[in-house]
Amino acid sequence: MLSKKTINPLVGLILLNPLVITFILLSSSYPVNYTIPATYWLIILVSFVISLLFLILHKWIKPEILTYILLITDIPLIAVIIHFTGGISSLFPLLYVVLIITSAIYTYRKGAYIISLISVFCFLGLMFFEINEQSLQPRYVIQQFYLFSLLFLFTAILSGWLSERYRIRTEELKKLNLTTEEIVKNLPSGILVIDAGGSVIYTNVPQDDIRSYVHLYLARFLKNPERGRDVRELKIKKNFFLLSCSLIGNKQGALAILQDLTEIKKLEEASRISRQTKMLAELGGSLAHEIRNPLASIRGSLEVISKTRFPKSAKPFIEMALKESIRLNEIVTDFLNFAQFVPKKTYRIRVSDVINEALLDIIPHFSEKKLNFVREGTDFEIMADLNRLKSGVLNILINACEVSEQGKKIFIKTNYNNKYGWIEITDQGPGIAKKDLKKIFQPFFTTKKGGTGLGLSIAQKIIEAHNGNVEVSSRIGKGTTFRIILPLA
């Protein structure tokens, strides 16, 4: 079969065909007779007309079919040339050999066999015509036909075999090149190769600042290689990379392999924070239990004292002590919640029940702000510990209420797909700075006065314990959206 890339060579063959015929006829006549017979001019004209016709048709006819038509058309044309250049005594039967080789190049073994067989039959017909016209000896004609027929068939077999071998090797090479190229292109690592002059030979690294930096570093390494290999960690913009450089041959070039470590670094950081959080939760839980009992005694004693007679000058101090003991009790409660985020037992519940329970707890605490909670979306079922998950949602709602001004709206949207459902809580607060977005779930990080910095961290751990995830997006002056993603029941 012809490949798509044979269209241009086919056009070349169409254009070359009349030129070769013209050269053969003119060179076989003019140097000897100093004249050119009219029949020669007629053959030349016919060949140019045929070529022009093929040039017009090649846009509409498949290349393979057109090639066969062109080659078959040349067979009787060669017979005419043989007849007018000496008949059976002419040397131009060798043009069939050229035609068979050409057919092998363009149509491979199959085409070579077809053209050789048609050439043999056409040559046989020419021999019968020559016998009748020139009264030649049958034995001589048979001998000529036998020799040329063997030559045609042998040429077809040999050229067909060679062309088929060439085709197979070409296809194997294309597959090999394609496979190698696809492997290199889809490698997770970036590759950059330079020659001795520092010019890039190959790279799959996109043209950007990273590629320019790697190219510059590799060129410097090639000029002054302390060792045959250099490995170092780089930070380019906000990404982390491992760059490995090595020499190719005797300083004939250099190879750089660039591995993106950004995701690995993020996982390492997440693992580190998770370990710290776990240790902190255990420590905080232990301390909270130790503090809560004496704190309850102190608070109870203060309440008893406040109901007895005492100097008026001591009243502000007692009220302050009671207020701070209440605040300290809230901090201890946060620590206990932080230490106990794993669900005790999960049940099939509706996410609307979780939101209802959270709203029942939060609305009385922020009644003076007159906030408007707008709910919309589709309900769905999840497997969860209702009280634990309510605590997680409640902490996010508390955060939204605290940053919201009086009379503002808080939007609560729910939806789901085939695998997951989500709750979106959006406030109309001041928003969170970009530099703080990555820190808001870290324990003790807070931008509010008097906050413990544990609320959002508790919420995240509770949701993660339910095989979920929390995403956050924010715009300064527009508000913040927390998206709680949970697997469906």
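Glycine too: its Cβ is placed from the backbone N, Cα and C atoms.
Since this is a predicted model, take the numbers as computed values, not measurements.
Record features, source TrEMBL:
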| type | residues | note |
| --- | --- | --- |
| TRANSMEM | 7-26 | transmembrane segment |
| TRANSMEM | 38-58 | transmembrane segment |
| TRANSMEM | 65-84 | transmembrane segment |
| TRANSMEM | 90-108 | transmembrane segment |
| TRANSMEM | 113-129 | transmembrane segment |
| TRANSMEM | 141-162 | transmembrane segment |
| DOMAIN | 286-489 | domain 'Histidine kinase' |
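With respect to Cβ pairs under 8 Å, the transmembrane segment (65-84) is most closely packed against 90-108, considering the stretches 7-26, 38-58, 90-108, 113-129. Within the chain carrying the transmembrane segment (113-129), a Cβ under 8 angstroms from the stretch's Cβ atoms is held by residues 68, 71-72, 75-76, 78-79, 82-83, 88, 93, 96, 99-100, 103, 107, 141, 144-145, 148-149, 152-153, 155-156, 160, all 6 or more beyond its ends. Confidence across the domain 'Histidine kinase' (286-489), taken as the mean pLDDT and rounded to a whole number, stands at 81.
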